[in-house]
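Worksheet for the structure shown next.
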Amino acid sequence: MAKAKFERSKPHVNIGTIGHVDHGKTTLTAAITTVLAKAGGAEARGYDQIDAAPEERERGITISTAHVEYETETRHYAHVDCPGHADYVKNMITGAAQMDGGILVVSAADGPMPQTREHILLSRQVGVPYIVVFLNKCDMVDDEELLELVEMEVRDLLSEYGFPGDDIPVIKGSALKALQGEADWEAKIIELMAEVDAYIPTPERETDKPFLMPVEDVFSITGRGTVATGRVERGIVKVGDVVEIIGLAEENASTTVTGVEMFRKLLDQAQAGDNIGALLRGVAREDIQRGQVLAKSGSVKAHAKFKAEVFVLSKEEGGRHTPFFANYRPQFYFRTTDVTGIIQLPEGTEMVMPGDNVEMTIELIAPIAIEEGTKFSIREGGRTVGYGVVATIVE
């Protein structure tokens with residue numbers, strides 16, 4: 001089926017398969033495309049096509065990811081599948097593949113394993129909001145009680161990390177049997193996708209979120225005032241809107257947008273993705289700087305201390321050659337600027353090796369507009385040594 005035929009009229013959702021190595025994530029991905037292809041909603045992909053995922057170099061880090069797309073009756077999906085565990089860690093922390101929901105694949109023959117736990121924790125930390133469970137390899141388990149036991153274990157594990165374990169849909173199936181065309185098991189794939197359709201909500205569009213624009217540059221126009229330029233990250237801004245200037249200062253300043261300009265043309269409004277200049281009333285040139293954000297009043301606050309999930313680049317990826325310890329003071333690059341911060345490691349962690357991922361507490365020397373889920377990179381003298389995502393705000 002030609003790519004051109006895909007209808008873009010359906011709502012779009014990004015999902016991915018997560019779970020322990022060899023529990024069947026890639027086989028399930030292949031099975032979904034193969035089963036949906038029969039209804040004309042996908043291009044069937046074999047296991048080998050997905051498993052030979054190309055390595056992508058996202059900002060200097062090598063991540064192997066397979067991207068497939070398919071559709072159900074109600075939605076269009078982009079689906080990511082990573083062959084290696086390290087690929088997931090990098091993918092989820094850098095946001096290279098945003099997920100609106102995940103399909104957690106657990107082998108019924110083995111039950112939850114270490115990476116099952118790690119992927120659930122990562123999903124929690126990086127803000128994957130919804131998880132649906134596919135208990136795989138059920139054709140290999142004859143004992144109904146054993147299946148129920150594994151299901152209970154998975155539900156408990158999800159609850160432990162703050163997901164609604166009791167309410168999450170769990171589908172029992174066999175990806176391999178479905179891939180081989182056995183009708184009973186194909187039906188389980190259809191059931192899985194029906195649950196994904198129903199349980200994972202359509203994400204809010206970027207334009208519907210509260211306005212936010214990182215300030216990239218500032219200049220003054222004689223007789224008109226101060227202009228802040230940048231790319232609108234989310235939401236919509238209209239002439240006459242009251243916005244706040246947030247970050248790098250003790251207090252947020254409030255101002256009115258008196259003009260919006262894009263490619264030297266004046267606009268009434270701008271939206272997510274637009275590169276604009278915003279003319280700000282009563283703001284002096286020195287009152288605003290790169291690294292601050294313009295945002296809808298009250299929508300976001302500046303914070304200096306937070307917990308983050310961090311992935312440290314290995315030496316081969318251009319990162320550090322040596323470990324770092326508590327009280328390490330690198331720069332944290334948020335959106336458009338570097339801010340120095342100091343690191344506290346969790347109890348029992350003496351040091352962090354290149355290539356590790358770790359949860360840490362970071363205290364910046366100046367507050368920055370951040371929220372749970374805000375991405376950042378860690379730099380030393382302009383060289384990136386790690387990536388992170390804000391997990392929880394401390395103060």
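Each residue, glycine too, has its Cβ placed from N, Cα and C.
The following features are taken from Swiss-Prot:
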- 19-26, 81-85, 136-139: GTP binding site (BINDING)
- THR26: Mg(2+) binding site (BINDING)
- 19-26: region 'G1' (REGION)
- 60-64: region 'G2' (REGION)
- 81-84: region 'G3' (REGION)
- 136-139: region 'G4' (REGION)
Secondary structure content of the region 'G2' (60-64), with strand meaning DSSP E or B: 0 helix, 4 strand, 1 coil
Spatial neighbours of CYS138 (GTP binding site) that are distant in sequence (at least 6 apart) but have CB under 8 A: ALA108, LEU147, LYS172, GLY173, SER174
Neighbour tally for the residue listed as 'Mg(2+) binding site', based on other Cβ positions within 10 Å of its Cβ: 23
ASP22 (GTP binding site) in three-state DSSP notation: coil
Residue among the binding-site residues LYS25, HIS85 whose Cβ has the most other Cβ atoms within 10 Å: LYS25
Within the region 'G4' (136-139), residues counted as helix, strand or coil by DSSP: 2 helix, 1 strand, 1 coil
Nearest-integer angstrom distance between the alpha carbons (Cα) of HIS85 (GTP binding site) and the residue listed as 'Mg(2+) binding site': 13
Per-residue pLDDT averaged over the region 'G2' (60-64), given as an integer: 73
